[in-house]
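TrEMBL has this to say about the protein:
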type	residues	note
DOMAIN	31-202	domain 'AAA+ ATPase'
BINDING	GLY39, LYS40, GLY41, GLY42, VAL43, GLY44, LYS45, SER46	ATP binding site
BINDING	CYS212, CYS215	[4Fe-4S] cluster binding site
TRANSMEM	289-306	transmembrane segment
Amino acid sequence: GCPNQKLCASGATKAPDPAIAEIGAKLSTVKHKILVLSGKGGVGKSTFSAHLAHALASDSTKEVALLDVDICGPSIPRIMGLEGEQVHQSGSGWSPVYVDDNLAVMSIGFLLSSLDDAVIWRGPKKNGMIKQFLRDVDWGDLDYLIVDTPPGTSDEHLSIVQYLSSTHVDGAVIITTPQEVSLQDVRKEIRFCQKVKLPIIGVVENMSGFVCPNCKNTSQIFPPTSGGAEKMCADLNLPLLGKVPLDPRIAQSCDEGRSFLNVVPDSPAAKAYKSIVQSDACSSNSVKLFIYLFFLSLFLSFFLNINCQVRCQAKLEAMFLYLLLFY
């Protein structure tokens, strides 16, 4: 019979993984954790993750890190211009590779002996690698940790959600393209987020039309036959963070390991990236301000012993009006 029968019968295997608490302590100095997901491969998820990290790190006062958990297809080292770099061990753990002083990257691509090496692993070994990335990397104090995931809803996704369960995760940004064949899989990704109680920050429609650099006219290379991400978000009551148009220079920049935002900063695609980052930051700040004012109002009402229901309601209405006017 199975040599682990007694162990299974004891119930010890059902106990929470002690690594979850260790990861929670390790990432306690990370303010914001954002997962980038997609149901379909080839929609530009890693490209978006890389440029999201670049855009956030453009503020020199922010510390940003990009974690690549696409174990079998690690493309982040190439996109970030870090191919050939290696991870070094220190007393405090693995040291990530830095693109800039305030932008760190970690990927299994740094651990492979050759760029052409295939990672042929089953689920448990993938999960162990993700655990090491979260627990054993010396992330330090971060403002943002961006996690680039593989397509689908499988081992890597379950592992990252489980291991981050003891920390606060801001949520997921879901990437799609306009055509229904992509949206069909993205709806599955949304269901996954809902089932594992992972907040959804919003959806980004990538490859949304092509803007000619000469005449500036827009052509729909991938027609949104079922209404695209805009209709899907309306149907599912999700925020559409923005639409990023096709631009061949994005692919060229990724192949060369350069930030497209720096190469062509005034292009429609670069402006779309920046708009998505800014709108998301504004939304996050609005929520924080609302929560702060709400609890401040409750505290003042209690402290000043304001028991009149009408006056409390008036104060709350005034607070909501202030929020609407301010934002």
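Backbone N, Cα and C atoms are what each Cβ position is placed from, and that goes for glycine too.
Just so it is clear, the model here is predicted, and its values are computed rather than measured.
Recorded features from TrEMBL, shown on the structure.
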residue	record	contacts (Cβ under 8 Å, 6+ apart)
GLY39	ATP binding site	PRO151, GLY152, THR153, ILE174, THR176, SER182, GLN184, ASP185, VAL186, ARG187, LYS188, GLU189
LYS40	ATP binding site	PRO151, THR176, THR177, VAL181, SER182, ASP185, VAL186
GLY41	ATP binding site	PRO150, PRO151, GLY152
GLY42	ATP binding site	PRO151
VAL43	ATP binding site	PRO151, ILE175, THR176, THR177, SER182, ASN206, MET207
GLY44	ATP binding site	ILE175, THR177, ASN206, MET207, VAL244
LYS45	ATP binding site	VAL36, LEU37, SER38, ASP148, THR149, PRO151, ILE175
SER46	ATP binding site	ASP68, ASP70, SER75, ILE76, ILE79, ASP148
CYS212	[4Fe-4S] cluster binding site	THR218, SER219
CYS215	[4Fe-4S] cluster binding site	none
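Within 8 Å of the centroid of the Cβ atoms of GLY39, LYS40, GLY41, GLY42, VAL43, GLY44, LYS45, SER46, where the record puts ATP, the same chain has further Cβ atoms from SER38, PRO151, ILE175, THR177, SER182, ASN206.
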